[in-house]
Amino acid sequence: MAQQPAQIILLNGASSAGKSTLCRHLQAQLPQPFLYFALDLLLFGEGVIAKWPGVEAFEWSRQRPKLFDGYHRSLAAFAAAGNHLIADYVLETKDTLDDLARLLAPFDVFFVGVHCPLPELERRERARGDRRIGDAREDYERVHTFSGYDFEVDSLGAPEDNAARIMAAWQQRKSPSTFEQIHARR
């Protein structure tokens, strides 16, 4: 009997939109196990990006493309191994979206846009204290400009309610999905 492709629920939204919180609520409500695998785990996880003796500064401009490429490939690798995934991301370019659509083409991807008004994004960004001030505004102006979604939520709503809405929409999803359409246009 052929194994069904792994399912991926991918949330896209600006920094501080509440994606990670929403993913945890969604993970708790789903009827089967989904691994939560977010880029933030690599960027902000303790000890992942270490400080090395004798190295003055982390060369972000050189490391960033390799880190993002590795993250994209790891999503596909985890899914190819049969893992269902929940991932949150800040899609910054159409090329990034196209790359993900290509890598994730064999899998059942449900693409969710997480929206938040700019004043609330900026308030959350300041309250967090662990993000560069201004990232939320930059993200707000671009992350939702490359594509439509299979479903969208406003993160001003309660995360448990938004998770329930996403789960209901995911259970009733239709084909072709947004990612299938993006991949077909390539």
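Going from the start of the chain as shown, residues are counted 1 onward.
Using the three backbone atoms N, Cα and C, a Cβ is placed for every residue, glycine included.
Quick look at what TrEMBL lists:
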type	residues	note
ACT_SITE	D40	active site
BINDING	G13, A14, S15, S16, A17, G18, K19, S20	ATP binding site
Chain-mates of G13, A14, S15, S16, A17, G18, K19, S20 with C-beta within 8 Å of site centroid, ATP: D88, V90, V114, C116, L121, R124, A136, D139, S155
DSSP-derived class (H/G/I helix, E/B strand, else coil) of G13 (ATP binding site): strand
The residue listed as 'active site' and K19 (ATP binding site), distance between Cα atoms, whole Å: 11
Separation of alpha carbons, D40 (active site) and S15 (ATP binding site) (Å): 10
Distant-in-sequence Cβ neighbours of G13 (ATP binding site), under 8 Å, six or more positions away: K19, D88, V90, G113, V114, H115, C116, D139, V143, H144, S155
S20 (ATP binding site) CB neighbourhood, other CB atoms within 10 A: 16
Candidate with the highest Cβ count within 10 Å, taken from the binding-site residues S15, S16: S16
Site with most surrounding Cβ atoms, counting all protein chains shown within 10 Å, from the binding-site residues A14, A17: A17
D40 (active site) and A14 (ATP binding site), distance between Cα atoms, whole Å: 13
Among G18, K19, D40, the one of these recorded positions whose Cβ has the fewest neighbouring Cβ atoms within 10 Å: D40
